[in-house]
Amino acid sequence: MYCTQALMPVLTEDLLVTPADAALTVSATTGVMAVAILPVSVLSERFGRGRVILASVLSATLIGLLLPFAPGLSWLIAGRALQGLAIAGVPATGMAWLSQEVRSDHLPHAMGLYVAGNTVGGLLGRLIPAGVLQFADWRVALGVNMIFAFVCAVVTTVLLPKERNFRPKKLRLRSEITTMGRQWRSPRLAALFLVAFVFMGVFVSLYNFLGYRLTSVFGLPDSAVGAIFLLYLFGTLASARSGHKVMKLGRGRTMLLGSALALAGLLLVLTSNLWLVLIGVGVFTYGFFTVHSVASGWVGALAPESRGEASGMYLACYYLGSSLVGYASGHVMHAFSWGGLVGWLAALLVLGGGLVGYLLYHEQHSF
């Protein structure tokens, strides 16, 4: 899904476009997916989450195999948007599938592993095309990545267990709209949705434009810049450990700790020392995934009767933040350079931290 993020500096140079335009190859995918997540989550309540997941991964990867043949940026963006529509079934149903099939006492750990798997997939989706850039152009790099993704989709169709606890529901549009509106009337759910929007927007923005900083200021080649995504492993570690932290500290304190780490790491990327920048990105990544893995599990716990819709709303906000904030950040960097971008992202993290503080307050004062 984020494979073109590793290719953005090359796309800018090869297609003679601005960084903000190149960012549309990411934002188009996440934006369309954000819009599609809610209706797809509703459909999954009728037809089964497993079926939706399988249809999603196969169709998205088949579309991806055509992307290297796009004649220009507009066609590439259109293809990526279509891919976002196809892949929406995975985020729309994945967490709800776990909430439905996994015992409640095992759910925090399972959710952490699910998010950890997302980070590994995100890492490979960026490292593969970045690595291929050492030997070929961006089209070949994109094609190799999509072939790998298609193989993973086939493996998923073989290994995904059948649902044991799924009970199909009749599609009632008015009822579903009412349910979604009711979620926003829950203060804690609304805060979690906004946390998803803000934190994901900041996360994608940093990784979208960090490559430009590394090539222009530190002189790293495009293929070496791709190695920055190895720092995703900090996210894998954070996601896997988040369940244990929740058991010790509670959800609110764990998210507040993650927020503080994300802000501290972000401020380090302002330095002109490459090692400090890398440490900062690693700390930021650890903090972000701590927040996300806890928040995503908390949504399901707060909406036991409408997990699918609540998870869908959370992820719609999550990917909408990726799309809108990610695109806007390109214009911020163009107008105010790197320092302005980091200041903009830091302000958003402070806002997100305030939302987390609100959640912590309600957690400690609920009886």
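First residue shown is number 1, and so on along the chain.
Using the three backbone atoms N, Cα and C, a Cβ is placed for every residue, glycine included.
For reference, TrEMBL has these:
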DOMAIN    1-365  domain 'Major facilitator superfamily (MFS) profile'
TRANSMEM  20-40  transmembrane segment
TRANSMEM  52-71  transmembrane segment
TRANSMEM  77-98  transmembrane segment
TRANSMEM  110-128  transmembrane segment
TRANSMEM  140-160  transmembrane segment
TRANSMEM  189-210  transmembrane segment
TRANSMEM  255-277  transmembrane segment
TRANSMEM  283-303  transmembrane segment
TRANSMEM  315-336  transmembrane segment
TRANSMEM  342-361  transmembrane segment
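Across 77-98, 315-336, 342-361, the stretch most heavily in contact with the transmembrane segment (255-277), judged by Cβ pairs under 8 Å, is 342-361. Here the transmembrane segment (20-40) sits against the transmembrane segment (77-98); at least 3 CB pairs are under 8 Å, leaving out pairs fewer than 6 apart in sequence. The largest share of C-beta pairs under 8 angstroms with the transmembrane segment (140-160) comes from 52-71, of the ranges 52-71, 77-98, 189-210, 315-336, 342-361.
At the 8 Å Cβ cutoff, the transmembrane segment (283-303) and the transmembrane segment (110-128) share at least 3 close pairs (sequence separation 6 or more) and count as touching.
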